[in-house]
Amino acid sequence: MNRAPLKRSRILHMALTGASDPGDQAEGSGEKPFLLRALQIALVVTLYWLTSISMVFLNKYLLDSPSLRLDTPIFVTFYQCLVTVLLCKSLSTLAACCPGTLDFPTLHLDLRVARNVLPLSVVFIAMITFNNLCLKHVGVAFYNVGRSLTTVFNVLLSYLLLKQATSFYALLACGVIIGGFWLGVDQEGAEGTLSLTGTIFGVLASLCVSLNAIYTKKVLPAVDGSIWRLTFYNNVNACVLFLPLLLLLGEFQALRDFAQLGSAHFWGMMTLSGLFGFAIGYVTGLQIKFTSPLTHNVSGTAKACAQTVLAVLYYEETKSFLWWTSNLMVLGGSSAYTWVRGWEMKKTPEDPSPKEGEKSTVGV
């Protein structure tokens with residue numbers, strides 16, 4: 001029996017609701033040998049980890065490298081959006097020229113659709129900008145803790161905007177995350193490495209990730225439920241809106257004075273960061289398809305742990321016991337929340353409409 005391809009609209013639905021792919025349940029476990037399925041899952045999870053971790057370290061290099069000395073975080077974000085637009089358009093053209101070789105929607109810029117997507121684009125711009133600004137001001141090791149409040153904001157916004165109650169055990173997991181966040185901030189301050197600016201940007205990034213999930217559901221009908229069309233319009237709008245910001249913040253002047261502006265190495269690294277930014281959306285959906293949304297969240301949590309350890313080793317940092325405790329609290333609280341939500345979903349029938357408040361780890 002041939003397996004029907006999983007639509008990306010369905011992938012987003014599963015990511016937001018924590019639901020499993022019904023096709024997987026219907027087909028049963030006899031479709032493929034266990035070892036083959038295990039190998040596929042291992043390869044997909046490894047690809048997700050490599051893409052996500054590489055993107056974080058590469059962005060850190062571009063945003064805050066002493067050897068590069070490039071102080072243009074908005075331009076770095078703008079260029080990544082531009083690469084995504086060009087990749088989307090190139091893949092769309094390739095799919096149209098060679099039917100059957102590539103499954104990618106036809107993309108034509110429609111100003112009416114772009115206007116409908118604009119509210120989400122504003123949130124999207126804030127999300128990726130605050131993410132990069134947080135990474136610029138804090139170390140990679142603290143980056144996960146600095147952006148750890150997404151789950152807490154999911155619960156808060158679900159209550160304020162959707163009037164959805166949250167169970168006691170889920171709230172308890174959120175309390176552990178908040179405790180880990182505050183302990184991490186305290187320990188960064190004790191070690192003299194705390195950036196208050198970076199921490200504030202991390203909190204704002206967490207808020208925008210939650211808002212992005214809510215607005216994504218509202219805007220998806222405008223692009224016929226296509227994640228790739230939404231990605232295209234989001235990044236087109238972002239490129240346009242970033243231009244006045246680049247002018248107002250003086251980043252064009254900073255670029256003009258940048259010593260390595262003509263360096264092939266610099267532009268190669270910039271383009272590579274854009275490729276990783278484009279790829280992370282695809283491998284996230286791929287991991288959800290081959291595992292499940294809940295397993296994806298667990299994988300993202302484990303990836304964050306590995307990323308933290310790698311950062312401490314790579315930058316040769318020494319961290320206290322309480323600093324590591326704060327990371328374990330954040331990771332443990334996130335895993336506990338994922339487990340609680342999965343347990344609750346097994347007890348109640350699946351809601352056919354996505355719940356905006358649920359966490360979708362797309363992560364960096």
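Keep in mind that glycine also has a Cβ here, set from the backbone N, Cα and C atoms.
TrEMBL: automatically predicted annotations, no manual curation.
Here is what TrEMBL records for this protein:
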{"type": "TRANSMEM", "residues": "38-62", "note": "transmembrane segment"}
{"type": "DOMAIN", "residues": "40-320", "note": "domain 'Sugar phosphate transporter'"}
{"type": "TRANSMEM", "residues": "74-96", "note": "transmembrane segment"}
{"type": "TRANSMEM", "residues": "116-134", "note": "transmembrane segment"}
{"type": "TRANSMEM", "residues": "141-162", "note": "transmembrane segment"}
{"type": "TRANSMEM", "residues": "168-185", "note": "transmembrane segment"}
{"type": "TRANSMEM", "residues": "192-215", "note": "transmembrane segment"}
{"type": "TRANSMEM", "residues": "235-252", "note": "transmembrane segment"}
{"type": "TRANSMEM", "residues": "264-284", "note": "transmembrane segment"}
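The transmembrane segment (264-284) makes contact with the transmembrane segment (74-96): 3 or more of their CB pairs lie within 8 A, with pairs spaced 6 or more apart in sequence. If you look at the transmembrane segment (74-96), the same-chain residues 6 or more away from its ends with a CB under 8 A from one of its CBs are 59, 62-63, 102-107, 128-129, 132, 228, 231-232, 235-236, 238-239, 242-243, 245-246, 249, 251, 254-255, 270-271, 273-275, 277-278.
Summarising model confidence by region, the domain 'Sugar phosphate transporter' (40-320) averages a pLDDT of 91.
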